[in-house]
């Protein structure tokens with residue numbers, strides 16, 4: 001149901017918002033670039049549904065996924081000073097990089113949940129595998145953009161610096177996941193210790 005709702009939401013955004021905004025932003029002559037991205041996203045949604053529909057994800061995790069999706073939608077159609085939110089700078093950092101950071105963090109949470117469901121330990125080197133998986137997924141997105149650069153004339157993809165900044169933002173998001181995991185485990189350990197030795201907590 002979650003995947004179906006977001007697939008329908010994406011299609012509605014394409015019809016009522018993305019298409020007209022893309023034409024205004026990039027021009028009608030470059031509309032084929034729009035369809036490349038739309039097709040890539042729909043194929044990704046279909047792939048995820050086919051492979052992960054049998055798994056159960058908690059509401060908190062799905063809410064985080066929804067946050068990442070909505071941040072992307074907002075960046076594409078919210079206007080700030082006559083330009084896209086995606087092009088706005090917050091604290092000296094382009095909004096687009098915040099989207100990459102949040103989605104990398106959420107992707108790490110999803111991979112972690114898959115590890116748990118498959119009974120794969122998250123101790124030691126496996127945490128690095130989670131981070132590398134997220135970085136690999138981020139690199140796959142940049143490969144799609146690279147293909148667009150080489151096949152679509154007058155595309156809206158940024159240059160080499162933009163691609164590297166996207167990957168760096170992904171790395172920070174994945175690293176934030178490791179920090180979150182460490183803090184969560186430390187708090188859980190402290191709570192367990194306090195329950196075992198209630199007098200020590202006082």
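Glycine too: its Cβ is placed from the backbone N, Cα and C atoms.
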- Per TrEMBL, the transmembrane segment among 150-166, 167-183 spans residues 167-183
- Message: Which range wins on Cβ pairs under 8 Å with the transmembrane segment (167-183): 59-78, 98-116, 128-147?
- Response: 98-116
